[in-house]
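Per Swiss-Prot, the features are as follows:
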- D363, D367: Mg(2+) 1 binding site (BINDING)
- D363, D367: Mg(2+) 2 binding site (BINDING)
- D515: Mg(2+) 3 binding site (BINDING)
- 363-367: motif 'DDXXD motif' (MOTIF)
- 1-52: transit peptide (TRANSIT)
Amino acid sequence: MALVSVAPLASRSCLSKSLISSTHELKPLRRTILPTLRWKSATPSINMCLTTSNSVDAVQRRIANHHSNLWDDDFIQSLSTPYEAPSYRERAERLIGEVKEMFESMGPNNDLLQRLSMVESVERLGIDRHFKNEIKSALDYVYSHWNEKGIGCGRDSVVSDLNSTALALRTLRLHGYPVSSDVLEHFKDQKGRFACSSIKTEGEIRSLLNLFRASLVAFPNEKVMEEAEIFSTTYLKEAVQKIPVSSLSRQIEYNMEYGWHTNLPRLEARNYMGDMIHEMPYMNAEKLLELAKLEFNIFHSLQERELKHLSRWWKDSGFSQLTFVRHRHVEYYTLASCIDIDPKHSAFRLGFAKMCHLITVLDDIYDTFGTMDELKLFTAAIKRWDPSATEWLPEYMKGVYMVVYETVNEMAGEAKKSQGRDTINYSRQAWEAYIDSYMKEAEWISSGCLPTFEEYYENGKVSFGYQISVLQPILTLDVPLPHHILQEIIFPSRFNGLASGILRLKGDTRCYQADRARGEEASCISCYMNDNPGATEEDALNHINAMVNELMKEFNWELLKPDNNVPVSSKKHAFDITRVVHHGYKYRDGYSVANNEIKNLVITTVLEPVPL
């Protein structure tokens, strides 16, 4: 076993700058040439090791040998972009006005489909925030023509068609309109199967692609949506093998790869830009495309400033000295900026990245590095919420505690600007519950105890950290959340409980083998097998995946139900955070090992602009 030397943090973090400050105050360093994009190679090993934190009093510890930070601070600080120039913003503003006019120029034969296509295009291109009124007007118009058989292409259509109906079902449902999936029954044949030909024409394939996308926003007990997903999935898998490589084949592959719950809006925008000219041949797609590229690159310039701020925070806080923890702050920022591109929401993006990084640091301390005595002291210190509580902590914990304390308080200050009241008590309660759940897991590891599935699952909803990653970031948004509404979003509300449960289950299916190798035996898989003697790992995974599928439908309902009084934007941000976590777990544990998918996401959505 290897000996690993760990340099402790200073007793107090070196935070000389505001942790959440206006990005306009950040002064990025400049280079005349954009540096070649690169990352450090990562060949992670997850082995049991010994380490010493004190040269006099050696302590045996478990560590995971996570690979180091892939994105050097010097490299981050050297990034530069020309897209801060006012001329780009001025051109974008002119195009916004021209695109608004496009919402009005539609004929009676296909005006319903054209309106839906316009809404879908501006959303998929990531420019919908400029057209809120136009989108609402377009969808109100479509909904006024909706009936029990769906809709046709235009207001004068006498027959409903599957393509328009499926697109409308999905789009209207995502915007909170009360539409029933029963309309899909009208597109089945006499044998109860969705009617289609054996030829697989382009029009039919597009209809089935929209049917597939609609099926992903299913609510509980919608049998027709389950049937639609099964049928369209089979159909599209066969179709994509037969048709030539084209914009249509790429859209099929993208949608089947990412679906809805793992799709990231900025990633989709980057992907869709290459195909949308072919997707909207009957509209002036060039204007939409130019606007989308300008907006992408203008936001790219803001991303660089925010990323430099975050990298300085990480460096100045002393995290680089903690060699036993994962350093994923750049990846977390990337995920945040893939779901929120509003320039006013810097505090949300930076706050999410910082909260997630703190969660990761504490996860590595509680699960592997810290001793039981140290963890008890740290848990008590969090509950005291006072810098003097660090007196009895080991040196490396003092620095971590102070970064947590100062970051949470700084974010509470940002939240006060939006909410008009002090919200620190919400945050403290969330952190206390979170740290208690970690302590319970540490006790299971120390004692070798394996809890029941239910006990592990309920505690795991809290220890996953979803509440921490959501609460303070959404409080910084420009949407007031009074106490009674906030209670419907935060744990243990139905909405938050479903999200936390889904992520705990999904995370365990990706992490349980590596966790077990580190001596962390408890997981949803092992607890299920222990509760059900004779059950195999495959049985446990099948059971958990079935649970996730059903919980996702319930979560869809909690998110999209029309009669909810919680602001849609707040629920949407909370939902989008589940999407970024899902995305990281799509192929494997992308948070312990920054795989190629995550690296490419950083490059294509943050570091590289799109060619104009």
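Cβ atoms here come from the backbone N, Cα and C positions, even for glycine.
Every protein chain considered, the tally of other Cβ atoms within 10 Å of the Cβ of D363 (Mg(2+) 1 binding site) stands at 19. Other Cβ atoms within 10 Å of the Cβ of the residue listed as 'Mg(2+) 3 binding site', summed over all protein chains shown, number 24. When pLDDT values are averaged over the motif 'DDXXD motif' (363-367), the model yields 90. Taking the Cβ of D367 (Mg(2+) 1 binding site) as centre and 10 Å as the limit, one finds 19 other Cβ atoms among all the protein chains shown. Rounded to a whole number, the C-alpha distance linking D367 (Mg(2+) 1 binding site) with the residue listed as 'Mg(2+) 3 binding site' is 9 angstrom.
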